[in-house]
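See below for the structure under consideration.
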Amino acid sequence: MTHPAQFINGQWSQGQGTEFSSVNPANNNVIFQANSATAEQVDAAVSAAREAFYAWADKTFAERLEIVKAFAAQLKENSEELAITIAQETGKPLWETRTEAGAMVGKIAISEKAFLERTGDVENAMPLGRAMIRHKPHGVVAVFGPYNFPGHLPNGHIVPALLAGNTVIFKPSELTPKVAELTLKLWEKAGLPAGVINLVQGEVATGKALAAHKGIDGLFFTGSSRTGHILHEQFAGQPGKILALEMGGNNPLIITDVEDTKAVVHDIIQSAFISSGQRCTCARKLFLPTGSKGDVILERLITATKAIKVGNYDDADQPFMGSMISSAAAAGMVKAQNELVELGAQVLVELEHTVNTGFVTPGIIECTNISDFPDEEHFGPLLKVFRFDDFDQAIDKANDTSFGLSAGLLSDSAADYEHFLRRIRAGIVNWNRPITGASSAAPFGGIGASGNHRASAYYAADYCAYPVASVELEKVAMPATLSPGLKID
């Protein structure tokens, strides 16, 4: 029998739907089993959140912040357990998941600052009375979390939503339910009132029931572009509901004149292969100049890529890359590599899959001669190389995508960067830094098929509350001068 994995109105209960499980993707051992939440249980979660809303929203910001800070204390106290749980379900090495657990704590202070600076009260004097701007919570919001950062990314929606006074229904990825369960238990220990956060676990049917529920006032999503587009279509014609989408990318990294080729190779690897290529900001396309300088960089990159250590999350000698999220995801990367070869690509470093596991080795594939390159996000460690003669040509080809999440330039030329910054279409643009690097205090998100709004702890404040403009006077009073045509005795 599976265990209670649904958290509704402050109570843990067993799902009434189909059974699902999560595995350690390194070996396919089952580490979590539960039954999905049904549409009726999703409805109960929405009702609980609605019932809890006014009491939570009526608390002062200081009172809400006190509970959120208690959650931060729980995160610190249980950081190693959280890091291990994330590693078990995602396959990422512990050095990475420990960083993720720490980032969850960091978002608390950033979210506090954001609320005060972006959604606080503003008063302006008027000849009679005052003009006020205040912010109010939307109400009941659904948060959909991804599998690649199952703690950190949902946290970037949930914390600012709660601080603003919303109540939440959290639907995590079905691939990382154990992380979600642990996170909710830490919220429970922090003293969060019943109904303020509700957890509904399950697969597609559970997610559809939540996304389609008429009782939610908004939906905050981090995940694939495909699912995000489905949600956007589903929400069409509902302008009264706030929809925040952070989706994928087909991200370019361009190299021009650089002196330190060793540093360039390092930043390319960090951009393309960290988290086994399962960051939405990972470099998918590498643009190298033709000629000897580009040749040297490519040769060094090939050598360094072949030397990347891939291994288990808990190896004493920590690997750079762990497992991908599943054997199916890993097999999908082999399929993508083969499809590119059929289009005319040349494999420079073969991506290889250890069958029945999520392990793959990183791959590099030369794609310059593919005339009609597919605009697909291959979510894994497969880097496509394009050679160029002209910088503007490279930028044009980098922009030839429906996505627009992250982009980067490695160059010793400030003029090149200024030109690149003006021309490139992306929400995150880095210079001489890996393009996977981002700050929770900065806007995180893109344009086009990469989404709307900015899902980070700081800028999330913008979509977690709406502004209310008021003109106010403490007592009803006649104006000093009446409008023309008025006479009031």
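Even glycines carry a Cβ here, placed using N, Cα and C.
Within 10 Å of the C-beta of Arg226 (NAD(+) binding site) there are 11 other C-beta atoms, taking all protein chains into account. Residues annotated as NAD(+) binding site in Swiss-Prot, with sequence analysis given as evidence: Gly223, Ser224, Ser225, Arg226, Thr227, Gly228.
Look at Swiss-Prot and you will find Glu246 (among others) tagged as active site, backed by sequence analysis. Counting every protein chain shown, the number of other Cβ atoms lying within 10 Å of the Cβ of Glu246 (active site) is 27.
A 10 Å cutoff on Cβ-Cβ distances gives Cys280 (active site) a total of 29 other Cβ atoms nearby, all chains included. Taken residue by residue with DSSP, Cys280 (active site) is part of neither helix nor strand, so it is coil. The active site annotation in Swiss-Prot covers Cys280 (among others), and the record cites sequence analysis as its basis.
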DSSP three-state assignment (helix, strand or coil) for Gly223 (NAD(+) binding site) = coil
Hey, of the binding-site residues listed (Ser224, Ser225, Thr227), which one tops the CB count within 10 A?
-> Ser225
Out of Gly223, Arg226, Thr227, point to the one nearest Glu246 (active site) in space (Cα versus Cα); all of them are binding-site residues in the record.
-> Gly223
In DSSP terms, helix, strand or coil for Gly228 (NAD(+) binding site)?
-> helix
Cα separation, Cys280 (active site) to Ser224 (NAD(+) binding site) (Å, whole number) | 9
